[in-house]
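Everything on this sheet refers to the single structure shown next.
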């Protein structure tokens, strides 16, 4: 291929490992210039406390699949293991690129500060950095009043078409750049980057690529999703009835807009269907669409408040006692609290990288209320577990379940009740706690209040500890300054969705 004289446009690949509905890639290709596709493996990311082998395995796999798709079309992808600013400086010295294109990333403070530095570097070099939205989360949103309309409008915009092979062939690595110390795709692995999955993690973890994402969406819409609305609360059924798209949305192997539009197409098919289960399908898909909106609603909080990784949205709750006993924290992280369902959930999360939403809420609630651990102290361990780690969801839910947002009902999940409701046969518990395989369900449920010698003793009295924590919490909540701060939080971060008639009736 003859190399053009024009400087390339750099497509900075971040969390958008896909070709379909990739606005940043499409924009770069439409400039008419040669495009240098770049993925930077950042040492700061690899060494970050919240980064785990689960995360690295996800983007290594996604990178390899995307690289293969680009190469099949005659293009190429450059991979550098370097600090981002140094990588850009190297490329700029060789190519004098004038445009940098990427998606808008909503990440932790580390990436937020990195992007500020990238913006400063671009301005100092006369490089135009074009950031394009890939989710229904909006930069510089002044208030939430119009968010739902903006979200719906974005989701209904035509998805970006899959690039043709002739377009992808314009993704080049110029000869002058090819002399840089690039990472060879054949040598790219979790182990080569200094981390390693356990054999069990390698066996259970979800595969992450655009091909896997499309297949996962298809099976959800046509096979697995009929009972979504009724089966996502149980850890026994959520693995199959849940969409399982969270890992793909987190790493960008599929776009939320593409998912939303495919769901709408399937709902149109169901309108004219004589399938006796069409009604159940529609209810479940409507519930799923609501959760997609809800997902961006919470990520919007991090976009608006990037400091929430360190600061509670309602500062009044920083008065809460936070002893975070190291021994209790260690027991919780190991899944050795003596509360069977909590321990089973934690061990499952560490092995599979996944846990359904209700169970994530429960283990967070128990940590913050029964074990009196600070949400800040459980942030990193939990982030490392999730293969679908999405900072905006993770941090928003940590603060919400800990009660430090201050505008929601405080939920204190009773683990024993959750066994009765969500794992009544103790199937899930016995799978992840083999020491309880031969113990009857009644004994397992009762262990929280009347410990059996067949399992480790609970490290706290759940009922007494939770009651004491609630008393401390509501003493703060009733304070005038807390209420004033809560009003400000509600105005800035609260949902504008009106309560349903059913919910209104329940309040009366």
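Just so it is clear, glycine is given a Cβ too, placed from its N, Cα and C backbone atoms.
What TrEMBL records for 7-137 is domain 'Photolyase/cryptochrome alpha/beta'. Note on the domain 'Photolyase/cryptochrome alpha/beta' (7-137): DSSP counts are 62 helix, 26 strand, 43 coil.
The FAD binding site annotation in TrEMBL covers 228, 288. Cβ neighbours within 10 Å of residue 288 (FAD binding site), excluding its own Cβ and spanning all shown chains: 21.
Counting only same-chain residues six or more apart in sequence, the Cβ atoms lying under 8 angstroms from the Cβ of residue 228 (FAD binding site) belong to 220, 241, 242, 243, 284, 285, 287, 288.
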